[in-house]
Amino acid sequence: MNQVTTTGQTVDKAIESALKELNTTRDYVEVKIIDEGKKGVFGIFGSRPAIVKVMLKIDPVEEAKQFLKDVCRQMDVDVTIHAERDGKRVFFSLSGENIGNIIGKRGKTLNALQTLTQIVLNHHSSQFLIAILDAENYRKRREESLIQLANHLARKVIREGKQISLEPMPSYERKIIHSALANEDRVTTYSVGTEPNRHLVIAPK
Amino acid sequence: MKQLIETIVKPLVEHPEDVQIDVIEERNHITYKLSVHKNDVGKVIGKQGRVAKAIRTVVYAHAQATEQKKVYLKISE
């Protein structure tokens, strides 16, 4: 049941009984007042009950979570998903066996799922939301290995005095490398090319 | 495989009832022809083909793990 129409002495009372019937709270519904009602004289003569229509709001986070779950199940991967919203960013952390199939080579599949989840998320949301997917702490591990790679390549650039181009990466991965080398004053970093082939270059100063 | 494509595509479009997938199996590969409602074509392709690329990435990843043959995904009206 997604919506009910209820009556009550006042609008508030009508809403209250609707919430009870839907077994939810005020935050998860949309209320449409059909009739505000009338108190009448002494509350007896000419009184008219208030009528409201209460609809369950579609929670974009729940909807996106369900989408992810369905897709993973179709990929024969059994996952548990934990969703958390922080302002306009929504974090989904996935865990389970065979999670490698969901991540893919260098996070390719995970990034694709992230794109799709974001669309589903915004399909039902009035505010623009950003989906961030993580699987078994993959993002954290990737960040560490990117920083390691950045430092390693920076040393090589300094040693050989020649610039090095990296492979194409999504913007947030490039950002990790840019900021990792921001304080290294013997090299400079910049990105060239257009998405999705935009890649980073580390050059000597 | 067909179900996976449906699961991905249906929540993305305005007309889920018009999502149709035809399977054409050939000797060396299988082609999945995805057709959606006229107004939804843009939705499944996306800006610069971003959405189409994401759908293909997920579908191909699963194909690699389960299918013997190479899999293609075609999108049409």
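Heads up, the Cβ atoms here are built off N, Cα and C, so glycines get one too.
A TrEMBL annotation is a machine prediction, not a hand-curated record.
The region 'Jag_N domain' annotation in TrEMBL covers A:5-55.
Residues or ranges marked as domain 'R3H' by TrEMBL: A:140-205.
The DSSP breakdown of the domain 'R3H' (A:140-205), given as helix, strand and coil counts, is 31 helix, 14 strand, 21 coil. Computed over the domain 'R3H' (A:140-205), the whole-number mean pLDDT of the model equals 92. According to DSSP, the secondary structure content of the region 'Jag_N domain' (A:5-55) in residues is 15 helix, 21 strand, 15 coil.
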